[in-house]
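Novice: Could you have a look at this structure, given as structure tokens, before my questions?
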Amino acid sequence: MEFDEIKKHSLNCNADVLSSLQASAPASSPHTVTLKVNAVAEATITEKRNQQQNVQKDFDSHNRDCDSPVSSTSELEKEFDDLRNLHTSSLTNSVVLGKSIGSLNGDYSVTSASSRTKTLENVVTIDSASGSTCLAIASPVDHIKKRIPNSRTPTRKALRIKFYRNGDRFYPGITIPVSNERYRSFERLYEDLTRLLEENVKIPGAVRTIYNMCGKKITSLDELEDGQSYVCSCNNENFKKVEYNTGSQPLSNLTLTNNSRSNNQRLAKCRPASPLKNGLLTGISPLPASGGGTGNGSPLIASRLSDRVSVVHPRIVTLIRSGTKPRRIMRLLLNKRNSPSFDHVLTAITQVVRLDTGYVRKVFTLSGISVVQLSDFFGSDDVFFAYGTERINYAEDFKLEAEEYRAINVIRKTMRTAGTTCKGPKPKMPIKSKKVYPPLVDSEVLKAATSPEDDSHATLLTSTGIEINELPLNIRNTYTLGRIIGDGNFAIVFKIKHRQTGDSYALKIIDKNKCKGKEHYIDAEVRVMKKLNHPHIISLILSVDQNTNMYLVLEYVSGGDLFDAITQVTRFSESQSRIMIRHLGAAMTYLHSMGIVHRDIKPENLLVKLDEHGNVLELKLADFGLACEVNDLLYAVCGTPTYVAPEILLEVGYGLKIDVWAAGIILYILLCGFPPFVAPDNQQEPLFDAIISGIYEFPDPYWSDIGDGVRDLIANMLQSDPDVRFTSEDILDHYWTIGNKGNDL
């Protein structure tokens, strides 16, 4: 009796289902058998599909856990083909149902083991020549699962290798990951090392040889060891056994990846904290480093660190580059950031002078004395010759030509103090600007007042053109209005008092109508002040924005501004000036660390707190109307003429250091009572020409009793070249600022 061929799309059945079909076949007619088989098939199809989906999901999850899905799939397909061939050769008159487990598309197929069977895709075929059916299901899923790991198969970890430049004991080296996957050949490693070294140092050619630290030549990647250091040689140079800079930085801090092409770590050092920040000047010892170990706390190391701190201070040195006369002359700012050791100073000099022979190896003073230790750079000499590996002619090299001598004198022009006497009358301070207020308001405003207090408020506001009803309600109800304590181009400042606590504050009213097109300055001032929290910066208590005015409630300082204090006392002592420059330097350092430039530092914007004898106790920086965040060079010409930096006038772009220039002008004024750059009748053009020239003096008799330390600080703050001008941190680190420990804080 022949059976009808049963077709069902995507039908997957097991031996039990086929057995039930066989058992019912003889007792039923062909049509009945077909109906029963269909019923059974329909009842089980949903269950079988769910099982198939679960198997596929389980297999896909294992595929994702494998490191290489493609390679894993190909291996599984190969294994399944072997199993299928094995069943094909051993089974006869049977149906083999196979699922292509290794296939990424998840298709299913049914294959016949013999020519005596009928084969249809996605169809179960029953042999009509025999009364029974032998079904063999070749499903290697269980066997394959055993071979799939439960976690990701680890790949070979890349080696972290540090490479030095052959014969260069100053170069700190670069660290890169090295693996067979990244570098298929040794030549590829040579090319990458050549590129990386060219970005950091000057090399004579391409890298052609790699040595270990003992001088053994490395010929394959397998010879490299993880965490070890090696030496790169260009143009097949012989190995040079020198003391390489192995202690410059930890290996973990010097990793270079393919995407970091500019990771020059030679000067990427953490700047030591200023003595004004770490407690050295207050008698409070800094906290010890975490870990409690004794290795870094030995008396020997502590004494070395103490000596280094006492030796290194910010200063500008003049460098003469070796070569054909007249030789190039340049300047370099040395400070704790780039001069923690003798080798670091040589590295900094190398980057400035750029010798044809590579690194600077020898440095001499102007008199031909060799510089051999760190303290030599911070002694009495400030002009140095820089040499590489070239031969030195001691008889001729240390003689300056006339042109070289003139160039050095031009650089030293700001230090010309000897024999200079002020001719004519004493220079005067610029006039403090006064605001011309608008005309009085209508008399109806005065009649609207309902109390004597309101009458006084209205009278006061009338003189400024502001109506009492314009004040925000929360300010009017919380504070009582006092006298005018300051004014500017767009704003008026009142003293106000809290009604409940009696504390004094300052109310700054900014007239929006007078700064049309410059509203962004107002927004910037509020935005910047909300970010600030420093003891030497005025705090913002409250801000209220209205259509016509912006109202700012600020911290109040009782002594008024520094301009009025200078007018009263004319000049301050070095001790008093030191206090003020410390506080101003600390405020600028805080601002600059946040990438904010003030752009209008002047005595009118510095508020002071005085004692009963008129001595300055505290200084605070105020008025952030021109302050902004620095993301790139700025070009807007702004500020006050007397305090504006030369790069602003030249419109070549400026940054944070314009604040340092302004602070240098203020320090000069504090000590003598007038600015270094003046012009007759306060004319701007001659004044700007003087600022751009950078030439000023310390004339007698006004400077005859002032020490060289503060003159040196001023000279470094008033450098026309921003690259060598002091930073705000350098001001705090200067030996004059640090002096007189106990009494000036």
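Glycine too: its Cβ is placed from the backbone N, Cα and C atoms.
Computed from a predicted structure; not experimentally measured.
OK, Swiss-Prot features for this one:
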- D600: active site, proton acceptor (ACT_SITE)
- I485, G486, D487, G488, N489, F490, A491, I492, V493, K508: ATP binding site (BINDING)
- 159-245: domain 'Doublecortin 1' (DOMAIN)
- 315-398: domain 'Doublecortin 2' (DOMAIN)
- 479-737: domain 'Protein kinase' (DOMAIN)
- 49-73: region 'Disordered' (REGION)
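For each listed feature, how buried is it and what is near it?
Specialist: Just so you know, the Cβ of D600 (active site, proton acceptor) picks up 21 other Cβ atoms within 10 Å once every protein chain is counted.
The Cβ of V493 (ATP binding site) lies under 8 Å from the Cβ of I484, I485, G486, D487, A506, L507, K508, I509, L554, each of these being in the same chain and 6 or more residues away along the sequence.
DSSP places the residues of the domain 'Doublecortin 1' (159-245) in helix, strand and coil in these numbers: 18 helix, 26 strand, 43 coil.
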Novice: Cα distance, N489 (ATP binding site) to D600 (active site, proton acceptor), nearest Å?
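Specialist: Per the Cα atoms, D600 (active site, proton acceptor) and N489 (ATP binding site) stand 13 Å apart.
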Novice: Give me the long-range Cβ neighbours of A491 (ATP binding site): same chain, 6+ apart, Cβ under 8 Å, in sequence order.
Specialist: K508, I509, I510, D511, G625
Novice: I'd like the per-state residue tally for the domain 'Doublecortin 2' (315-398) from DSSP, helix first, then strand, then coil.
Specialist: 17 helix, 25 strand, 42 coil
Novice: So if I draw a 10 Å sphere around the Cβ of D487 (ATP binding site), how many other Cβ atoms end up inside it?
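Specialist: The Cβ of D487 (ATP binding site) has 18 Cβ neighbours within 10 Å.
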